[in-house]
Amino acid sequence: YKLSVSPEMDIMEYCRKEWRGNTPVAKRMRKGYEAVAQKFASIRRIRGDNYCAFRATLFQALSQATQVPSWLQSEDFTMLPENLLSKYDWIKQWQLKQKLGKKMGGISDEIKEYLVLLRKKWKNISEIKDPTEKQEACDKLFKSEEEEYSLYEALKFLMLNTAIELYNDDKNGRRVPVFSWLLFARDTSSNPCQLMQNHLNHIGHSGGLEQVEMFLLAYALHYTIQVYRLYKYSTDEFITLYPSDPEEDWPVVTLITEDDRHYNIPVRMCQETVL
C-alpha cells in the first residue's frame, strides 16, 4: 500500500531538500518554488505512476468541491457508455483496467459503474462542510486503490467523449478550441479512434498525459487547470492555463510540475492571497 497523496510539507523546505546544488537548473527551480510560496504555504507530493496528472487534478477538484458539476448531474451521464457504443463499434477496444479476481462484465456496464462511482464520490465529498473532514474524506478516497483507479477510468472515458464531440463539431463546421486541432493533427491521433488506441488506452500503463491531453482533461471536467511549470520560470509559460482562454464560470485547480511529466499539488493559500 503506497500513499497516493503524501502529507503536507512546507514548500520551501521541500525545495531545499530537492534542489541543493548550484547548477542553473537548481537555481531556476528554487526561484520557481519561491514564486509559488508567495501564494501557497505547503506542497503535497503525488505518487508518480503515470496517473499523476489525473490524481493531482481530481484530488484538488474534490478537496475544494462544494457542489456537483451540472454535467455530472445530467440524466444521460451514466448512459454515456451505452450511447457511444451504439454509434462507435471501435470503442469495444477500450482497455479496461484488469480487476483482480472479478469477472469482467460488458464494457458498457464496467464503465457505467466507474461513472456512477465518480458522481457518488463527488456528491458525498462536496456535501461535507467542515474543511478538515472534507480533507480527511479525500485522503481516505485516495488510499483505496480499487476506487481510485476506477475514478481514473471514468476520467479517461469522459476525455474520449469530449474528444468525439470536438472532432464532430469540427467536421460539421462548428468552432472548436485550438488545442482540438493540435490533438487531431498528431499522426498518432488523427481521429478519436486512434486517440483511444494510441493514447488513452496507454495512460496509466506506459505513459502519462501529454500537454495537449491536459487541455482535453480540463474540457472534460469543465475545470481550468492552472499549472506552475517550474522549469519555465521567468518565461511567459511559467504559469500555464489549460485551457488558455478558460470559461469564466469554470472552477480552477492548481498543480505544480518540474518537467511536464510529474505533478504535485500546492495547498494552503497564504492569507494575503485569500483576501
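The chain as shown is numbered from 1 upward.
Cβ atoms here come from the backbone N, Cα and C positions, even for glycine.
Unlike curated entries, TrEMBL annotations are predicted automatically.
Computed from a predicted structure; not experimentally measured.
For reference, TrEMBL has these:
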type	residues	note
ACT_SITE	D49	active site
ACT_SITE	C52	active site, nucleophile
SITE	E237	site 'Linear diubiquitin binding'
ACT_SITE	H262	active site
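Structural mapping of features recorded in TrEMBL.
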residue: D49; record: active site; contacts (Cβ under 8 Å, 6+ apart): G204
residue: C52; record: active site, nucleophile; contacts (Cβ under 8 Å, 6+ apart): I46, G208, H262, Y263
residue: E237; record: site 'Linear diubiquitin binding'; contacts (Cβ under 8 Å, 6+ apart): R229
Cβ atoms near H262 (active site) (within 10 Å, other residues, all chains): 18
